[in-house]
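J.: According to Swiss-Prot:
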| type | residues | note |
| --- | --- | --- |
| DOMAIN | 6-243 | domain 'ABC transporter' |
| BINDING | 40, 41, 42, 43, 44, 45, 46, 47 | ATP binding site |
């Protein structure tokens, strides 16, 4: 039996003055320790889901729906308990900075939890080191690059030891190299701390590395499954305005020409190896 750390059960949420729900009758589960990519076009409800998970928003009717995080059912009396379990890294890290230095910013969440200063200093130093920013501990966040700022934002979340990290379009403003560095960092942190990661993105290249993909369209769950189950559905993804990852685009073109590659070919390295093997047999 799987151990689900997050579950949505018939969740509907409508923003004030909106004529229609942002998410409608949404039900899904996320397994503990997994990496889940939540994909969809702009306005599909992705970021609304992240705010619902963290209790920043509440379902329209808690009597008809429920959100459970790490065994705690979200409600008015449990919202702070849930927020301690979930950390969000947003698209623009500048909106998250509150400290004059990197160390001050990472310490902010610990100060709110009244962590004793000697213990806090140790935690901050470790978190800053874990994200590769020890040399910038006394620097002003405003002087850092975009990738460095995201590292600091991740350190601030890591310091308070959540069970879940949500990346809410947090790599969308980075160049390809910076994006891959941040994703590699989060993968390492996930494994080292047995965290659950939710990546909210419209970048399917990023989503290709997830354990599970949830596809949202107009606030509803359109499909879900492993990347190798979702990405071959080229017409569905095109219909909702998403760009297919290169590997899957090429596999589709080859298939149309009678060359069918195995389902497990899901990244560039495997693709190149498979094509070399195919060429050697010709």
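Using the three backbone atoms N, Cα and C, a Cβ is placed for every residue, glycine included.
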J.: Specify the secondary structure state of residue 43 (ATP binding site) as given by DSSP, simplified to three classes.
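T.: DSSP call for residue 43 (ATP binding site): coil, neither helix nor strand.
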J.: Quick one: which residues besides 40, 41, 42, 43, 44, 45, 46, 47 have a Cβ within 8 Å of the ATP site's Cβ centroid, in sequence order?
T.: 48, 202, 216
J.: Out of 42, 44, which of the binding-site residues has the smallest number of neighbouring Cβ atoms within 10 Å?
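T.: Each of the binding-site residues 42, 44 was scored by Cβ atoms within 10 Å; lowest is 42.
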J.: Counting only residues 6+ away in sequence within the same chain, which have a CB under 8 Å from the CB of residue 41 (ATP binding site)?
T.: 202, 217, 240, 241, 242
